[in-house]
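Annotated in TrEMBL:
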type	residues	note
BINDING	Gly10, Ala11, Gly12, Lys13, Gly14, Thr15, Arg128, Pro173	ATP binding site
REGION	30-59	region 'NMP'
BINDING	Thr31, Arg36, Asp57, Leu58, Val59, Gly86, Tyr87, Pro88, Arg89, Gln93, Arg134, Arg145	AMP binding site
Amino acid sequence: MRVLMIAPPGAGKGTQGARIAARLGVPHLATGDLLRRHVALGTSLGRAVQEHLDRGDLVPDGVMQDLVRRSLADATADGGGYVLDGYPRTPAQAWAAYRIAASLDATAHIALHLRVDDDEVVRRLLARSAIEHRTDDTEPVIRRRLALYHRVTEPILQWYRYRGILLSVDGMPEPDRVTSTVVSALRYRRPCPDPVPLAA
Ligand code: ADP
């Protein structure tokens, strides 16, 4: 199965994405993790994106497209599925994700949306900052990421709803409950045929 994950920062994309990918037996491709790995390794890509990550800004589209194209090509090389977490985040990325996946004959079956309140997101990320020390988990940067999510990411849910592949799940309960809700919902959703996009 091929799944896209769309959720505000702190909603549990990373935790749930890893668990769901393991249950489905497919790779978990988390764009934030891929970018942070480049930063940690000091690659030229890492140096180019570090400031964007630290400020909570989006990394430029061209960089993201290359990264996602390579990851999806690897994941689907032998007909495999994927859980793509953190992409798309804008209408332009939604369209790019569709084009990249269509070129690999591997468009998403499900767009999984986790719903979590803003106050809960801020609480979770501030709690995480005490443990993980991510450079973007300070309150001003969290607020900026959240505002960006509402402004540019949330609107793309409509496209997936229209295509009939949106699965929207309450992300507020404790992690095990969210996982079992998602896993049982996926079990009852048979992968549907390639959905028709809005425009050519
Ligand atoms: P969160 O969802 O909590 O913000 P992620 O680990 O998914 O955490 O992303 C961290 C950062 O990585 C983002 O704030 C952004 O700078 C960058 N990033 C990840 N995915 C994308 C994307 N699709 N487009 C642009 N930038 C991205």
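Every residue, even glycine, has its Cβ placed from backbone N, Cα and C.
Within the same chain, residues 13-14, 17-18, 67-68, 71, 84-87, 89-90, 134-136, 141-142, 144-145, 148, 152 sit at least 6 positions outside the region 'NMP' (30-59) and bring their C-beta atoms closer than 8 Å to a C-beta of that stretch.
With a 10 A radius on its CB, Gly12 (ATP binding site) counts 20 other CB atoms from all the protein chains. When the binding-site residues Gly10, Ala11, Lys13, Gly14, Arg128, Pro173 are screened for a Cα within 10 A of the Cα of Arg134 (AMP binding site), the ones that qualify are Arg128. Taking Cβ-Cβ distances under 8 Å and a sequence gap of 6 or more within the same chain, the neighbours of Thr31 (AMP binding site) are Met64, Leu67, Val68, Leu84, Asp85, Gly86, Tyr87. Counting only residues at least six positions away in the same chain, the Cβ atoms of Ile6, Leu58, Tyr149, Val152, Thr153, Ile156 sit under 8 Å from the Cβ of Arg89 (AMP binding site). Around the Cβ of Lys13 (ATP binding site), 23 further Cβ atoms fall within 10 Å across all displayed protein chains. Across the structure, Val59 (AMP binding site) and Lys13 (ATP binding site) are spaced 18 Å apart at their Cα atoms.
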